[in-house]
């Protein structure tokens, strides 16, 4: 991930405790053969060099047959590896992935880096799509856990006890359990260790890293004062934490943008920048002909996220422009701000992402001031 610089100062890297086990993140046992260096290149070098050594020692030409055979196997394995690209996530089953790192980028936002199961794999998330993360919320207290609590096993008594002693022990234990339960009921204390007291919750986030990134992917998560999951991530995430993911979720079709429109006008606020960054990155990597104008709205300059990355992209190509609007300096987004970016309405597609109030405000501005064909409005105005 590139170094980020923000209006509110340089990013702060959190030192978080290492997980148990393989602290260096290196593959263990036979898994090391999944690495091309150990699984293909080193064995190939040994076989070819061994064939030459045997030939020079014995002058036996058949030793050289190992060279074309080895070359064929190497080409075959490389081709199959390229064709059989494994998609890390699917929509049917939960996949457990490990948190590798965490960066604070603003007063209420962090970037979380998760490890894929192989250093050679990419997430391959379509632009505008999100990943789903599983968590569990206590039905009474609202406490959030990343995994259900384990049911405690009943302690086994001493094997040397007599049957009578065992009966007395179990009877006393049951009385103690009843007493504890009654006390909890009287004191209105909730059992946080009971898995049946939790309901599944799912949260969706757009990856911000390029699909060309290998081995990891990044999620930007803003901590909402009312968001129990985001607050849990901000306060209780650590290196080695494992979360369960599904993917991918979304309806945006980038080919609709490239085939039917010449320009994208992106209207976004806050953490709604994440799907926009996905689409921008896709457009840059594909080198398509789309012209993109991003209008990014925030309350203050300190709330602008990923500003350096957005500026770097805008400087790298003339067809992408970024405009920042803050309430403290300019005020709310106006129709004039939008209309200044529109050249040909019929060839312009509007992409919108923000909170509910922001989205309603933008849609109202567009529909009140533009005569957009109702049959095309769903395609021309897309809300993430």
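Glycine is no exception: its Cβ is also placed from the backbone N, Cα and C atoms.
Any TrEMBL annotation is an automated prediction that lacks curation.
Source: prediction; values computed, not measured.
According to TrEMBL, the protein carries these features:
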BINDING   203, 205, 220, 222, 228, 230, 274  FAD binding site
DOMAIN    266-362  domain 'Oxidoreductase FAD/NAD(P)-binding'
TRANSMEM  40-57  transmembrane segment
TRANSMEM  64-83  transmembrane segment
**Report entry** CB within-chain contacts under 8 A for residue 205 (FAD binding site), separation at least 6
**Finding:** 130, 131, 133, 219, 220, 221, 274
Report task. Find, among the binding-site residues listed as 230, 274, the one whose Cβ has the highest number of other Cβ atoms within 10 Å in the structure shown. Result -> 274
Query - binding-site residues (222, 228), the one with most neighbouring Cβ atoms at 10 Å - result: 222
Requested in this report: Would you report the average pLDDT that the model assigns to the domain 'Oxidoreductase FAD/NAD(P)-binding' (266-362)?
Outcome: 94
Report summary line: Students should find that the Cβ of residue 220 (FAD binding site) has, within 10 Å, a number of other Cβ atoms equal to 22
Query raised in the report: Largest pairwise Cα distance, Å, within the listed FAD binders 203, 205, 220, 222, 228, 230, 274?
Result: 20
Query raised in the report: residue 203 (FAD binding site) has how many other Cβ neighbours within 10 Å of its own Cβ?
Result: 17
Report summary line: residue 205 (FAD binding site) falls, by DSSP collapsed to helix, strand or coil, into strand
